[in-house]
Structures are given as C-alpha cells and as structure tokens.
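Working notes, structure below.
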Amino acid sequence: MASNSTHNEFHVFMLIAIMVSSMVATCAGSFYQDFDLTWGDNRAKIFNGGQLLSLSLDKVSGSGFKSKREYLFGRIDMQLKLVAGNSAGTVTAYYLSSQGPTHDEIDFEFLGSTSGDPYILHTNIFTQGKGNREQQFYLWFDPTRNFHTYSIIWKPQHIIFLVDNMPIRVFKNVESIGVPFPKNQPMRIYSSLWNADDWATRGGLVKTDWSKAPFTAYYRNFKATQFSTKSSLSSNSDAEWQINELDAYGRRRLRWVQRYFMIYNYCNDLKRFPQGVPVECSH
C-alpha cells in the first residue's frame with residue numbers, strides 16, 4: 001500500500017514538474033548558441049568557450065550582436081562590464097526590439113563619460129514605433145570595474161528594469177486609458193557599441209577621444225526565462241517578485257533608486273510637455 005502511494009506521489013510530482021517546465025523555459029547557453037555577431041567585423045568577439053563576448057569601437061567602426069531567437073514575454077539577464085577610462089562620446093546599447101516602422105523596443109543605453117565622471121544609464125520604451133519615455137539614472141557603483149547584471153522583465157501587465165536585481169523602473173500596462181503597450185510583437189535581444197559624440201556626453205559638448213581607442217565592453221552570463229502568455233497572466237502566490245509584481249521590499253528599493261539616482265524623468269518635464277505630461281505618468 002505504501003509502495004503504491006509512493007508511486008502515485010511520484011507521478012503527481014512528475015506531472016507538476018512537466019506543467020511548470022512547459023510554462024517557464026529557461027535558457028542559459030553559450031554566446032555561440034544564442035547570438036550572432038552582426039556587424040563590426042572582428043571588433044565583435046566570442047571567446048572563453050562561448051562564455052564571454054566583447055564589443056569594440058574604433059574610429060572606423062563600432063560593433064554589435066543580436067539573439068538568434070525572438071522572445072515574447074520573459075526575463076532577460078545579462079552581465080556587462082562597460083568601457084573603462086575616458087568613454088565620452090560612446091554609447092553601449094543593450095535592448096529588446098522588434099522590426100519595422102511600428103516596432104516595439106525596451107532599452108538600456110549606457111552613455112559614456114570623461115574619466116572620473118559617472119556613466120548615465122538611459123532607459124526608454126517604444127510602442128508601435130513611438131518612444132519619448134526616457135528615464136535616466138546614475139549608478140551606485142562603477143560599472144567599468146566589475147561585471148553587473150542588467151535585467152528586463154517583460155510581462156503583459158508591466159515591464160520592469162533591474163540593475164543587480166534592484167528594480168529601477170516599472171512601466172505598467174495602462175491600455176485601459178489608451179496608452180499602447182508592447183505585447184504583440186516578439187523581440188530579439190540586440191547590443192551595440194557605437195560612437196554618438198553628437199549627443200551622448202553632455203549633449204554632444206564632449207567628443208570622443210580617439211587616442212583612447214579601441215573602446216571595449218564585455219558581456220557574460222546571459223540568461224533568458226521565457227513565460228508563456230498563459231503563465232504570465234496567471235497568479236502564483238509563492239513565485240518570487242522578480243517574475244511577478246514587486247512586493248513591499250521591492251517597492252521600497254524602487255523608491256530608493258528613483259529618489260537618489262534618477263536624474264531625468266519624462267513625466268516631470270513640463271518644458272517638454274507644456275500641454276501636460278503623458279497620461280501614463282499619473283498611473
């Protein structure tokens with residue numbers, strides 16, 4: 001009798017495991033398996049057996065890569081170590097994007113700085129080809145000394161940006177008041193290192209110092225956890241906040257980052273929006 005009960009419990013356990021794995025698929029492979037080097041010739045490199053990737057920029061060209069597959073909802077984690085020293089004029093972009101004139105996009109962009117000045121982390125969200133939802137932050141560490149994890153959680157209800165698992169920004173789905181939300185177009189992961197000294201550092205006042213080239217950024221420990229639409233919409237009381245709503249602790253950490261490290265928020269830019277800020281800003 002006990003043997004039969006154990007047998008049944010095993011089958012129940014296996015059934016639950018299969019159901020969970022069908023809802024959440026995690027991929028943590030190598031850069032060879034997951035990404036294509038798309039431009040920059042030999043300035044983009046994969047090494048250490050596929051565990052490390054680098055992008056470089058010189059006066060001739062930058063470089064970039066993109067994921068082999070597309071994602072529709074999930075959590076994307078990547079560790080980056082940014083260009084060290086005088087990185088003024090350079091931009092390291094790491095983002096999700098679909099294609100076409102009405103594309104959706106979820107952006108991290110790291111704006112270079114002169115030696116000793118902090119990087120600016122620039123975030124933006126495009127829906128149906130329209131962005132203009134910028135928030136910018138200083139970081140509470142030097143992103144050039146060590147690797148740090150930059151994550152995007154994308155669900156039908158919201159988008160959360162995280163740095164070292166610290167939430168820095170939440171963009172909620174408020175389609176109910178007419179604000180488009182990216183939920184229908186699968187997106188690939190892209191990253192590039194390029195020269196943008198016409199705007200990147202102090203509005204373009206500080207130019208790239210090519211005597212410091214090549215500029216190089218490094219990537220490792222990519223992981224993608226994809227949620228099915230069904231699992232994204234379901235509630236799971238014991239799931240971690242990282243893949244659901246922020247709990248009270250997460251909300252406190254979000255407020256801490258936005259209070260002490262946010263340096264620009266489009267929702268507060270009354271000069272830019274004299275007729276009133278976008279409607280999502282009140283939600």
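Note that Cβ sites are derived from N, Cα and C of the backbone, with glycine treated the same way.
Since the structure is predicted, the reported quantities are computational estimates derived from the model, not experimental observations.
Here TrEMBL flags 12-32 as transmembrane segment. The domain 'GH16' annotation in TrEMBL covers 25-219. According to TrEMBL, the active site, nucleophile annotation covers Glu105. Annotation source TrEMBL lists active site, proton donor at Glu109.
Sequence-distant neighbours of Glu105 (active site, nucleophile): residues of the same chain at least 6 apart with a C-beta under 8 Å from its C-beta are Tyr95, Leu96, Ser97, Ser98, Asn124, Ile125, Phe126, Gly131, Pro182, Met187.
In this view, the residue listed as 'active site, proton donor' is surrounded by 19 other Cβ atoms within 10 Å of its Cβ, with every protein chain counted.
Taken together, the residues of the domain 'GH16' (25-219) have an average pLDDT of 95.
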